[in-house]
Amino acid sequence: MSSNTVAQFATELKMPANVLLEQLRAAGVDLKSVDDSVTDSDKAKLLDSLRRAHGATDGKKITLTRRQTSEIRQADATGRSRTIQVEVRKKRVFVKRDPAELAAEAAAEAKAAAEQAAAEAVDMQPESVEAQAPAPQSVEALAQAPVEAVKPVEAEAPKIETPPVETPAVEAVEAAAPKIEASEAPAEPVQTQTAQAVEETPAPAETPEPVPAVKAEAEPQSAQPAASREQSTAQPVEPEAKKESVAAPKTQEAGPESVVHAQTDLNSKTPAPVAKSETAPSAPKAAQGRPQVAEAARPPVVNDRAREDARRAAEAEAAALREMLNRPRKVLRAPEPEPAGTNNAALSGTLHKPAGKKDAAAAPAAAPKKEGGNKPAAAGAGGKKVIKTAEVSSTWNDDASRKKPADKAAAPGGNSRDGWRSGGKGGGKNSRNGRNQHQDRRNESAAQEFIAREIHVPETISVADLAHKMSVKAAEVIKQLMKLGQMVTINQVLDQETAMIVVEELGHVAIAAKLDDPEAFLDETPGVSEAEALPRAPVVTVMGHVDHGKTSLLDYIRRAKVAAGEAGGITQHIGAYHVETDRGSVTFLDTPGHEAFTAMRARGAKATDIVILVVAADDGVMPQTREAIHHAKAAGVPLVVAVNKIDKPEANPDRVKQELVAEQVVPEEYGGDVPFVPVSAKTGAGIDDLLENVLLQAEILELTAPVEAAAKGIVIEARLDKGRGPVATILVQSGTLKRGDVVLAGASFGRVRAMLDENGKQVQSAGPSIPVEIQGLTEVPAAGDELISLSDERRAREIALFRQGKFRDVKLARQQAAKLESMFDNMGEGTQTLPLIVKTDVQGSQEALVAALTKLSTDEVRVQVVHAAVGGISESDVNLAIASNAVVIGFNVRADQSAKKLADNNGIDLRYYNIIYDAVDEVKAAMSGMLAPEKREEIIGLVEVREVYTISRIGTVAGCMVLDGLVRRDSQVRLLRNNVVTWTGQLDSLRRFKDDVKEVKSGFDCGLTLRGNNDLQMGDQLEVFEIKEIARTL
């Protein structure tokens, strides 16, 4: 009993092995894997199972496919030979009819024979092809047994060159079959290769599928109604026919379709064979409806003269086709450029057809399509639809004709958009004249004269875009940059200066420009200049050294207790408060005094009208006090000095005045313009005088701002809130900000969803000098960004995206420059890095902490801030820490549960801090631990050589006395002779009497040997020392 494996059986059946295995298991065959063997009985079980499942008792159709592959070499216009792969697939389909159905059809045939006998007898005489049909002479009789007509045709199909039965006209029409089939079934890739083989080889290749269809076209037009009716009847049946073959499911895809076409086109003589032959699986239902179909499908009787005329016309056309195909072939020549008015509709799509025969070939090919009556053929004859070689997606001529208008447009100006990306859609194998066109373009560009252009260079531009602007290849730009000493890639971003140098080196005129800058629209904001300016409250910033009492002073003014709730008792954010006093309203900005918050204080000075400089009476002028004075002077803001803590016994206001005079801050009593007010934040003494001086300064300044206008302001602080998203504290400087307004802040934009005042209460609008907290921005803006209210959200988005791209390009250009500069600096150095990820609660704290930590870097250990952002510590931060081996620092933020678990599993160090001092100190300690320890020598003893012995096995042994300290066996020693160091090394052994000892103390004698040195003399001294490692600190 023969057997093979499931995998081999699947290969024979041309189907996946796992699908076959499932079918065998469903049939009841117990198989474990595709490597198990399959017996004939198992195959029989599978066949029975499939027959039951598909409702068929016998195989109805067998398809045989033979494939042949060959190559054709053809020279093109440039003289290069081109190899073309040609694949010919020959297919035969045999259909077995059901005996019961044949009997029913024979009965129906006999019934209809009497009515149609005379007409059919006349039609059968002129043509020898119809000798293949059965004996009965009626339409219904031919409809009953179309398989007998199909089988002989299929049998003769491989011998198309010399058919024994067909007339010459039919043979010629058969040779043209691939073109007709191309319009009927444009989705079969197999017939593409077949059609190419027909036209590219001297003898026509076998194409059995379209043969019956071609015979039908040689017939008169009288069969059009019946053919169209039967075609619509046969189409729904095709899927059932495809299910019938179990052995070769994939190879049958073209089979049923070819049979449908063959039988449909035979209906020019026999109206209804297709429905009956293709609906064999559903015979009972089909048998009921056949009498009606036969009645409806009867064609009218046509006179013999019309048939004879149509046959002669078809013979003439077929003869012309045969003559054209038998002509000797010529070598393909490049087509001459056609004038603008030439009609390209008649061009053939075949690669190897001679150029001179295109028009001649198109006319005979169009005539049979008109005769056939098909819609696709009619469309092709009308010139509206391009007839392609076969079912291919595009023809070569199609691509060439598509390319011609573009070439004409590009040729006169010479400024083709191809540039370095030349090689458009038509290139490659599918382009008939692609190589010729590229060669012509190269010759054209070489012949063109150089044109100096004015190139507008933006702030940043990539190498590719710069080359495109100058209409040169990107390689030219890269080459020029290499000459200038810069290695770049095609996508690298260049800064404006470098790009302008390259443009000028290449002979063009460089113009620094900002093309299409959307920020130019911001200057056109209407309503600001027209609105009436009204008096506004002053914005007062409180500045000074840390712990000098700034927040406590504000607390007393606001009747609040903020300082008590702050971590470490120090301010680490900018606080904005609006206070209503008896003399009017004042907006206060409280800035941090710690040295790390320099940028925050600078922002506070820019946004303010008046600065209150707080100096402690017991402490005097300190570094941050001087820095605050410089910020105020740089911003051109008037100062009011508040000398705080005057209630303390050690307070000395006069010393403070003297120190401030040294800093160019002269009090009014000394002839200056700066008011000095002694205050106490604890008792409240002098607070009223301070507010009076502040409001007096505000009156002198005459502060005004438009109210009924679009809002403008500044971002004081920004943070990422887990529940509310990006939140920004802003100070409105002019106009009125309302809930629902579209705002733009730096590179972020959005619609104001909610506004809160400093007490957390909802407000609907905010006028000038009012601080509010807004929600609704797309991302966290940078502190210090300008905020503008716009009427159009689309414009706000456009400007924000432009700023983001600009910021990204500038950042990339800076990074590239920094990499190149630091590459050589760090080369050869053993610099260690401490990678950190910093997450803070607000933008300002992040800035300050990153600046303070980066400042700790030394030549040996460098702090590398891998990532710094606002918001809680998330899983993505921990993943980044895992990848970069970094320590995560959370400043006033915490990690969520998933991030904690991930950090614990991967050993990532999470550090939380509330005070900036602690974070800086711990990072400094970690960096100290990374420093290489300092090595120091420590002398622990002195030994004198009293006797020298030479022992053959050991060498020179010194008998010594320990004069000072001690000597250890693993110590290092220096040999001193006449107080001059002659050798440095280690002890080899140390003994006292006959015993090995670890150490010998002062006053005892011992014997010792030196490792690698036997040059010992009496009176030499040995200095014993140890090297100790001492930890270094920053």
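For all residues, glycine too, the Cβ spot is worked out from N, Cα and C.
According to Swiss-Prot, the feature region 'G2' maps to residues 569-573, out of the candidate ranges 569-573, 579-583, 904-908, 984-988.
Annotated by Swiss-Prot as region 'G3', the relevant range among 2-5, 78-81, 590-593 is 590-593. Swiss-Prot lists region 'Disordered' for one of the ranges 118-140, 486-508, 739-761, namely 118-140. Looking at 456-459, 644-647, 668-671, the stretch flagged in Swiss-Prot as region 'G4' turns out to be 644-647. Cβ neighbour count for Lys550 (GTP binding site): 30 (other Cβ atoms within 10 Å of its Cβ, all protein chains included). Contacts of Ile646 (GTP binding site) defined by a Cβ separation under 8 A and a same-chain sequence distance of 6+ are given as Ala617, Pro653, Pro678, Val679, Ser680, Ala685, Gly686, in order along the sequence. Long-range Cβ contacts of the region 'G4' (644-647) within its own chain (Cβ-Cβ under 8 Å, at least 6 residues beyond either end) map to 548-549, 553, 614-619, 653, 678-683, 685-686. Look at the region 'G4' (644-647): DSSP puts its residues at 0 helix, 1 strand, 3 coil. Within 10 Å of the C-beta atom of Thr591 (GTP binding site) sit 29 other C-beta atoms, taking all shown protein chains into account.
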